[in-house]
Amino acid sequence: MDVFSSLMDGFATALTPMNLLYAVIGVILGSAVGVLPGLGPAMTIALLLPVTYVLEPTSAFIMFAGIYYGGMYGGSTTSILLNTPGESSSVVTAIEGNKMAKAGRAAQALATAAIGSFVAGTIGTALLAVFAPIVVEFAVSLGSPSYFAIMVLALVAVTAVLGSSRLRGFASLGLGLAIGLVGMDSVTGQRRLTFGQPLLADGLDIVVVAVAIFAVGEALWVAAHMRRTPLHVIPVGRPWMGKQDWKRSWKPWLRGTAFGFPFGALPAGGAEIPTFLSYVTEKRLSKHPEEFGKGAIEGVAGPEAANNAAAAGTMTPLLALGLPTNATAAVMLAAFVQFGIQPGPLLFANEGPLVWALIASLFIGNFLLLLINLPLAPMWAKILQLPRPYLYAGILFFATLGAYSVNLQAFDLVLLLVLGALGFMMRRFGLPVLPLILGVILGPRIEGQLRKSLQLSAGDPAGLLGEPIAVSIYIILALILAWPLIFKLVRRNRPAAAGPVPATEAAPAAPSGSSVHADLPVHPDGAAHTGSSIHSQSSGKPDSNVQSDGSAHPDKKETP
Amino acid sequence: MSSSPTLTSRLKGRSELGVALLLGAAGVLVLVDAIALVTPYSQSDPVGPKTLPYIVSGLLLVCAVLLAINVLRGGQGEAEGGEDVDLSHPADWKTILPLVGAFVANILLIDWAGWVVSGTVLFWGSAWALGSRHYVRDGLISVGLAVLTFYGFYLGLGIPLPAGLLEGIL
C-alpha cells in the first residue's frame, strides 16, 4: 500500500468522533501542562499511562500525539509571557518573544508562534509520513549488530551532545542503565540488583521511574527554591498578526522547519541546536537587524517553527527504528511496550493501521492546536496565575496516584520517593535527566541486541562489526566522543580563531562554532536563573562545559 | 592534597563530592551484585547476564572518579532553573521536610486508611508545606480531589483504589 492511501485510512480512523474527542482532550491537556511550570509532555504521558490501559491503543496514541504538540506550544507561551522558559527548547523563543511582549506585541508573538508551529508541524509530519517508510525499508535489512550500534549511538549522542557537561551526562546515563538492570534477566531468569526483594523481581516500572524523576524530583526541587515574589505575567488578548508581521514571518517559518526536522530525526536530535541555529540565521538575514534584542518577530517565528519541526522529526526514529531521542518519545516507547506493541521496523507491517492513525492524528492535533489555542491564549495566561502551593501539591498528588495505580502497592510509592530524591539531587548538581530516562528504557533493549549479535558469532566480539552499517556507526561514534579533543587541537593550531574562548568550547555540537556563539546576546534577566546551556554559554562561565570532562586545560581556574 | 588544612579547605563547599560518592557506591553495588551471579557458560547465550552489569559498573566508577577530580579542581554542576525556581536563596529545608513528611504519611496510610484519607492528607499537607494558609479551603479541595479520583478510578477505569477505613461508606 502506498503512503497516501495508508495515510487516508489513518485519517479515517483518527476522525471517528471518539478518537477526535481524544485528540481534543490531548491538545487541551498538553497545552495546559505545557503552560504550567513543572510539568511537561513526557511527564503527562507517563502519568496518563496507567489511565489509558482501558483505552484502545489507537485512541491512547491519538491522545498522546495531542499532548506532544500541545506541550510544545504551551512551553512557548510561557517563554513569551514570562521570560522564564520551562524547557531548553524554548530558551531561544524567550529572547525575542518576551521583548516583543514587553513592547506590547504579545499578541503578535503568540500568533507567529502558533501559526509557525502549525506550518512547521504540518510540513514536519508530512516529511515524517514520506520518510518513515523509507527508513523502515532500509531498517528491515539491518541485523542485531547494526541495531546495537544504532542504540549505543543514540545513547552516547544524546548524552554527549546535549547538556552542558558531558561527564555529568554520562554519570546520569550510568545511573539510568543501573536502574534498568534491576529485576529478572530476560534470558537466564537470574535476579539482578533485587537484594532478595521479591517486589523488585519484575524490575522497576517505567511509569514509576519517569514520574519520580520528572514530577516528584521537580516538585521537591521547586519546593526548595520557591520563588517568593510573584511572577509578572504580561496580560494578553487574542493573538493576531498584521500584514507586515505575516510578511516577516513566513520565510523564518520555512527556514526554521528546514533546520528543525533533520535535527529532530537524528539520533542526537533535540530541539536546542536547531532553534539556536534558526535564531542566528534569522538575525543574519533579517532586514531589520536593529530590532534583534528588542523584540524582532523573526526571532520568534524561526525558532518556534524549528522547535515544532524537530518534534515531528523525533517521531521518525521512534516509529521506524523504535529509537527515542527525547524524553517524550522515550515515554511513548514505554507506552508502546506496555500495550504489547513492538516498535521498530516491523511496526509499520504489523500495526500499520495504528501507525498511520497516529501520523494522521499528528496532522489533526496540529490543526486543533491552531484552532483551540488562538482563542484560548488569554485563558492560558490566567492558568499561569494558579497558586503555586496548589500546583505543586497537585503534581505530587497526581504523581502518587499515577504511580500507585500501576500495581496498587505502597512499595512503589517508596520507590517514587527514593527516585524523586535522586531527581532532586540531579537538578541540584546539574546532572541532566534525559540520559537517565533513555538509559532505563534503552538499557534492556541494548542488552538484548548485544546478546543476539554475539549469539550469532558464538561469543566472538568481532560479531559486533559484522555489518557495514554497524562499522560506520562506530566511526561516527568515535568522532562524537573525540570531538572536544579534535576541537582543542584545531584551536591550538589556529590561535587567531581563539577569540571568545569559553564560548567556543561551550557547544561541541554546534557546527559553526565560535561565530555562532559570539552572536548570541547575553541575556540579562535570563542568565541569572535559567539552567539552560545556552545562557551559560553566553555568560561564558569558565568551568561549566567541556572542561567538566576532567581533562587538563590551560584556562583552568585552580581553586586553592 | 598533601596537608590536611588544604584538604579541608578544598572540601569546603564541595557537596558535589557526595554525587561522586553516590556514583561510586552505585558502581560498587552493581559490580558486587554481578559477581555474585552464578551462571554456567551457555552456548546459546555467550554474553550472559553479567556483561552489561560489568560495563555499567565500569561506567559508574569511571564517572565517579572523574567527577571527584573535576569537583576538586573547581568544576561545578549547574543547578537547574525554571519558572518557579529562584536560585538566589539556598535550599529551603523548612519546606522540603514537611513536604516529604506528607508524602511519607501517604505511604504509611494508603493501605490501611485508604486513598481518600491518605490522599487528603497528602494534598493538604503538601499545600501547607508549600506555604498555603487557607486551612479550610485547602481541606475542601483535598477532600474533593481525593473523593473524585477515588470514584473516577473505580467507575471510569475499573481500578479499585483502597477504601481502607471508609470501606462500606464509599
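A Cβ is built for glycine as well, from the same backbone N, Cα and C atoms used for every other residue.
The feature compositional bias 'Low complexity' is assigned by TrEMBL to A:498-511.
As annotated by TrEMBL, compositional bias 'Polar residues' applies to A:530-550.
Annotation comment: TrEMBL describes A:20-438 as domain 'DUF112'. Per-residue confidence over the domain 'DUF112' (A:20-438) averages 87 (mean pLDDT, predicted model).
According to TrEMBL, the feature region 'Disordered' maps to A:498-560.
Tertiary proximity for the transmembrane segment (A:20-39) is limited to same-chain residues at least six positions away from its ends with a CB under 8 Å from its CB atoms, namely 14, 55, 59-60, 62-75, 77-78, 84, 86, 215, 218-219, 222, 361, 364-365, 368-369, 372-373, 376, 380, 383-384, 386, 391-392, 395. Marked as transmembrane segment by TrEMBL: A:20-39 (among others).
Long-range contacts of the transmembrane segment (A:45-69) within the same chain, counting only residues at least 6 positions beyond its ends with a Cβ under 8 Å from a Cβ of the stretch, are 13-14, 18-19, 22-30, 33, 117, 121, 206-207, 210-211, 214-215, 308, 311, 328, 331-332, 334-335, 338-339, 341, 353-354, 357-358, 361-362, 364-366, 368-369, 398-399, 402, 405-406. Marked as transmembrane segment by TrEMBL: A:45-69 (among others).
Marked as transmembrane segment by TrEMBL: A:109-134 (among others). Non-local neighbours of the transmembrane segment (A:109-134) in the same chain are 3, 7, 69, 72-73, 76-77, 80-81, 93, 96-97, 100-101, 236, 239-241, 245, 249-250, 252-254, 256-257, 260-261, 264-265, 295, 297, 300-302, 304-313, 315-316, 319-320, 348, 359, 362-363, 366-367, 369-370, 373-374, 377; each lies 6+ residues outside the stretch with a CB under 8 Å from one of its CB atoms.
What TrEMBL lists as transmembrane segment is A:146-163 (among others). Listed as Cβ neighbours of the transmembrane segment (A:146-163) (distance under 8 Å, sequence separation of 6 or more from its ends, same chain) are residues 88, 169-170, 172-173, 266-270, 272-273, 317, 321, 323-325, 432, 434-435, 438-439, 442, 445-446, 449-450, 453, 464, 467, 469-470, 473-474, 476-477, 480-481, 483, 508-509, 533.
Per TrEMBL, the feature transmembrane segment maps to A:170-186 (among others).
Sequence annotations record features per position, and here TrEMBL assigns transmembrane segment to A:206-224 (among others). Under 8 Å from some Cβ of the transmembrane segment (A:206-224) lie the Cβ atoms of residues 37-40, 42-43, 46-47, 49-50, 179, 327, 331, 334, 338, 388, 392, 395-396, 398-399, 402-403, 406, 412, 415-424, 426-428, 433, 436-437, 440-441, all in the same chain and six or more residues away from its ends.
Here TrEMBL flags A:318-341 (among others) as transmembrane segment. Counting same-chain residues at least six beyond the ends of the transmembrane segment (A:318-341), those with a Cβ under 8 angstroms from any Cβ of the stretch are 40-42, 45-46, 49, 52-53, 57, 60-61, 64, 68, 71, 128, 131-133, 135-136, 139, 147, 150-151, 154, 158, 206-207, 210, 214, 264, 266-271, 347-348, 350-351, 354-355, 358-359, 433-434, 437-438, 441-442, 445.
The feature transmembrane segment is assigned by TrEMBL to A:353-377 (among others).
With a cut-off of 8 Å between Cβ atoms, the residues of this chain six or more beyond the transmembrane segment (A:389-407) that come close are 36-39, 46-51, 205, 207-208, 211-212, 215-216, 218-219, 222-223, 413, 415-416. According to TrEMBL, the transmembrane segment annotation covers A:389-407 (among others).
Look at TrEMBL and you will find A:413-443 (among others) tagged as transmembrane segment. Residues 42, 151, 154-155, 158-159, 162-165, 168-177, 179-181, 204, 206, 208-221, 224, 324, 326-327, 330-331, 333-334, 399-400, 403-404, 531 of the same chain lie 6+ residues outside the transmembrane segment (A:413-443) yet bring a C-beta within less than 8 angstroms of a C-beta in it.
According to TrEMBL, the transmembrane segment annotation covers A:464-486 (among others).
Within the same chain, residues 155, 159-160, 192-194, 200-204, 209, 419, 422, 426, 431-444, 448 sit at least 6 positions outside the transmembrane segment (A:170-186) and bring their C-beta atoms closer than 8 Å to a C-beta of that stretch.
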